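Peer 1: Below, the features straight out of Swiss-Prot:
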- 1-159: domain 'Obg' (DOMAIN)
- 160-331: domain 'OBG-type G' (DOMAIN)
- 166-173, 191-195, 212-215, 282-285, 312-314: GTP binding site (BINDING)
- Ser173, Thr193: Mg(2+) binding site (BINDING)
Amino acid sequence: MRFVDEVVIKLQAGKGGNGCVSFRREKYVPRGGPDGGDGGHGGSIYLKADENVNTLIDYRYKREYYAENGRPGEGRNCYGKAGEDMYLIVPVGTSVFDLETNKKIGEVLNNGEILKLVSGGKRGIGNTHFKSSTNQAPRKFTLGEEGEYKEVRLELNLLADIALLGLPNAGKSTLIRSVSEATPKVADYPFTTMYPHLGVVKVGVDSFVMADIPGVIEGAAEGAGLGLRFLKHLTRARCVLHVVDICPFNESDPVENYFAVEKELKKYSEELYDKPRFLVINKIDLLADEVEEKCQEFVKQIGYEGNYYMISAAMKKGTEELAKKLNEFLHKQE
């Protein structure tokens, strides 16, 4: 299924039903009083998060949504039926912005969470309510109010504990495949990953969510490649894994590659740049010898002082230990 993470839609809540003007007319009751009922409230429109949905694609093809109008009141003090509310099902992690003001209306971050977007119109009042000692047969009533209208922008930011960052072909997709049940496409050409992928990593009785986004290239912060559009999906991650290919097939310099990604991340967002970050040195199986020494030299050249992990995602070497360390880190963050 195609991944869609931003759409604009129009929302119209239901109109309230009109109040009714009616009088009691029965045999042997020649002067029956007013019995006009109230109308029904108009239907409202809500957002509802569903963990089984992972894209906004349904809203790419249908852009206008109308909640049901309330029914008018009737005689014998019968109230009109309220308009049915409408629920728009979206992925967990969806935010809503008012298109006119660009202000954030809210977000749904938990499965089943509900957020009201537009309110239905209030019901009209029937003539029963206007009876008084001086007016025994009122013909006054009120109309139902119009429902609220808004144009909104839905934005999906994936909810992941760990996000993978790196150049195209750094081995991010292979890594997420090796530690979870996710099945992103893997091949030896840039931008194999066209859209973000989520994978659930299980460590004993624990589990956490890992996100793989398209590779970042130089100029991503200005819109080059695919990375810019999807860097926003790192914002809610608790930790970022910078995956570096220690033995690039194009014979580029891993040190320069590392700094290129770090530079783009900082240009895009200082907040993202300051997130906890681990270094993962991938494809160590392609190093002929002195693996540890070469990795240590690489770490020294980039001036990295934090924890780093040497793995071969393709051979699943070091990946289990990496998953355990990430799980320990997440527990400490709680």
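Each Cβ is built from the backbone N, Cα and C atoms, and glycine gets one as well.
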Peer 1: Would you list, in sequence order, the binding-site residues among Pro214, Lys283, Ser312 whose CA lies within 10 Å of the CA of Ser173 (Mg(2+) binding site)?
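Peer 2: If one measures from the Cα of Ser173 (Mg(2+) binding site), the binding-site residues that come within 10 Å are Pro214.
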Peer 1: Among the binding-site residues listed here (Lys172, Lys283), identify the one with the smallest other-Cβ count within 10 Å.
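Peer 2: Ranked by other Cβ atoms within 10 Å, the binding-site residues Lys172, Lys283 bottom out at Lys283.
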Peer 1: Please compute the mean pLDDT of the model over the domain 'Obg' (1-159).
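Peer 2: Per the prediction, mean pLDDT sits at 92 for the domain 'Obg' (1-159).
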Peer 1: Other Cβ atoms within 10 Å is the metric here; tell me which of the binding-site residues Asn169, Ser173, Ser312 scores highest.
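Peer 2: Result of the Cβ crowding comparison: Ser173.
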Peer 1: Could you tell me which three-state DSSP class Ser312 (GTP binding site) falls into?
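Peer 2: SS state of Ser312 (GTP binding site) = strand.
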Peer 1: Hey, does DSSP put Gly166 (GTP binding site) in a helix, a strand, or just coil?
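Peer 2: The residue in question, Gly166 (GTP binding site), is coil (DSSP, three-state).
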Peer 1: Through the lens of DSSP with three states only, how would you label Pro214 (GTP binding site)?
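Peer 2: Going by the DSSP assignment, Pro214 (GTP binding site) belongs to neither helix nor strand, so it counts as coil.
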